[in-house]
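K.L.:
Dumping the structure here so I can ask a few things about it.
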Amino acid sequence: MGCGTSKVLPEPPKDVQLDLVKKVEPFSGTKSDVYKHFITEVDSVGPLKGGFPAASQGANPSPGTPRTSHTEPPSEPPRRARVAKYRAKFDPRVTAKYDIKALIGRGSFSRVVRVEHRATRQPYAIKMIETKYREGREVCESELRVLRRVRHANIIQLVEVFETQERVYMVMELATGGELFDRIIAKGSFTERDATRVLQMVLDGVRYLHALGITHRDLKPENLLYYHPGTDSKIIITDFGLASARKKGDDCLMKTTCGTPEYIAPEVLVRKPYTNSVDMWALGVIAYILLSGTMPFEDDNRTRLYRQILRGKYSYSGEPWPSVSNLAKDFIDRLLTVDPGARMTALQALRHPWVVSMAASSSMKNLHRSISQNLLKRASSRCQSTKSAQSTRSSRSTRSNKSRRVRERELRELNLRYQQQYNG
């Protein structure tokens, strides 16, 4: 979520949602699109992950910025001057309640800012979506449809919503602990026990979503954030821009082609109706990366990548796989199953012997060196510059960028070849 050209948008389900979040009615005052010049003035802040439900502290937002006078002194830091400019461009109801601190992410029709509640001084993230654009409106509707229903420790929480005729402001929790793999690289130690603890939190969140009839459809490491920098931080699932929400008892089959290539399930590639088992396939890919620092399916050529996924062919060769338990490999195998009906559900995955036994284990082999080396090696091979490749922050390159999102035309061609091969 966050970029109109990066994903195929989901179909809006026809169901009745339970609104648990405060909604502020549209502002009736005079409107002017003062935001249209905003992008060019805040150009030094990098984009925020694949979507913007939560913000990592890694975006380096500026510290609490005091109010600036109308005339900026020549020595005023550029970042502070920019903050002063875009702070005034938010709806007055938002700025009356929240102090805008820094821009921490942006997409083609959305911006995310770090804010502080004026009364409590509690930090939050506000996502502003331009709903005057069709893509922004559809993504906003999809995300709100989910976030207004969910209350779970491992899912990003929506606090309140402000609406105008052309924009929606979503106030959310602010995740400051960083991305999953950044934490692994920085930690210095990572065992199968650590992996199962991460997966337990993610699986519990996914189990909750599936019980509500919600399918995420874009689970990947960059959408899994640590809530705070502490060692006891929980993992939260973010980015529900492609999620599908069906009321209980409704038709559970989905047809929209969407997702990120390396994590997309085979049944989506061949454009068959699918269920929430696509989330479990993605979790299998995540588990594989979590234990090795490498991808089970990877190729710069999309067609070859999709063929690998359709065959379900991957291997456990290279480090650190010889040191990984057979139970862990069995866990992955039961998720990376081409037949969606044979895949484990979230509840079954939580009850898998590996998750149950390793989570209670007191000592396991440290896999950190191999995992971090593999993550950084892959990052280096995909970075545009040597400098970024050598940086620890370059581990963010393990994510799939906009140019590697699923394209409908490619899947139509792939599906045609699939039908010719297997049906004719």
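Any Cβ shown, glycine's included, is placed from N, Cα and C.
Below are the features listed in Swiss-Prot for this protein:
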ACT_SITE  D218  active site, proton acceptor
BINDING   I104, G105, R106, G107, S108, F109, S110, R111, V112, K127  ATP binding site
COMPBIAS  57-72  compositional bias 'Polar residues'
COMPBIAS  385-398  compositional bias 'Low complexity'
DOMAIN    98-355  domain 'Protein kinase'
LIPID     C3  S-palmitoyl cysteine
MOD_RES   S380  phosphoserine
MOD_RES   S381  phosphoserine
REGION    49-81  region 'Disordered'
REGION    378-407  region 'Disordered'
K.L.:
Under a three-state reduction of DSSP output, how is S108 (ATP binding site) classified: helix, strand, or coil?
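P.N.:
In three-state terms, S108 (ATP binding site) counts as coil.
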K.L.:
Checking the spread of the ATP site as listed (I104, G105, R106, G107, S108, F109, S110, R111, V112, K127): what is the longest Cα-Cα distance, in whole Å?
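P.N.:
Largest pairwise Cα separation, rounded: 14 Å.
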K.L.:
Could you give the Cα-Cα distance between D218 (active site, proton acceptor) and S110 (ATP binding site), in whole Å?
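P.N.:
That comes out at 18 Å between the alpha carbons.
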K.L.:
Return only the integer: C-alpha distance in Å from S110 (ATP binding site) to S380 (phosphoserine).
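P.N.:
For S110 (ATP binding site) versus S380 (phosphoserine), the Cα atoms are 29 Å apart.
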K.L.:
Considering the binding-site residues R106, S108, which residue's Cβ sits among the greatest number of other Cβ atoms within 10 Å?
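P.N.:
Its Cβ has the most other Cβ atoms within 10 Å: R106.
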K.L.:
Kindly assign S380 (phosphoserine) to one of the three DSSP-derived states: helix, strand or coil.
P.N.:
helix
K.L.:
Out of I104, V112, which has the highest number of nearby Cβ atoms, where nearby means within 10 Å of its Cβ, if these are the binding-site residues?
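P.N.:
Of I104, V112, the one with the most crowded Cβ is V112.
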K.L.:
Within a 10 Å radius of its Cβ, which of these recorded positions (S110, S380) has the fewest neighbouring Cβ atoms?
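P.N.:
Looking at the recorded positions S110, S380, the Cβ with the fewest others within 10 Å is that of S380.
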K.L.:
Taking only the residues in the domain 'Protein kinase' (98-355), give me the average pLDDT of this model.
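P.N.:
So the average pLDDT across the domain 'Protein kinase' (98-355) works out to 92.
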K.L.:
Kindly assign D218 (active site, proton acceptor) to one of the three DSSP-derived states: helix, strand or coil.
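P.N.:
The residue in question, D218 (active site, proton acceptor), is coil (DSSP, three-state).
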K.L.:
Would you count the other CB atoms within 10 A of the CB of the residue listed as 'active site, proton acceptor', including those on all shown protein chains?
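P.N.:
For the residue listed as 'active site, proton acceptor', the count of other Cβ atoms within 10 Å is 28.
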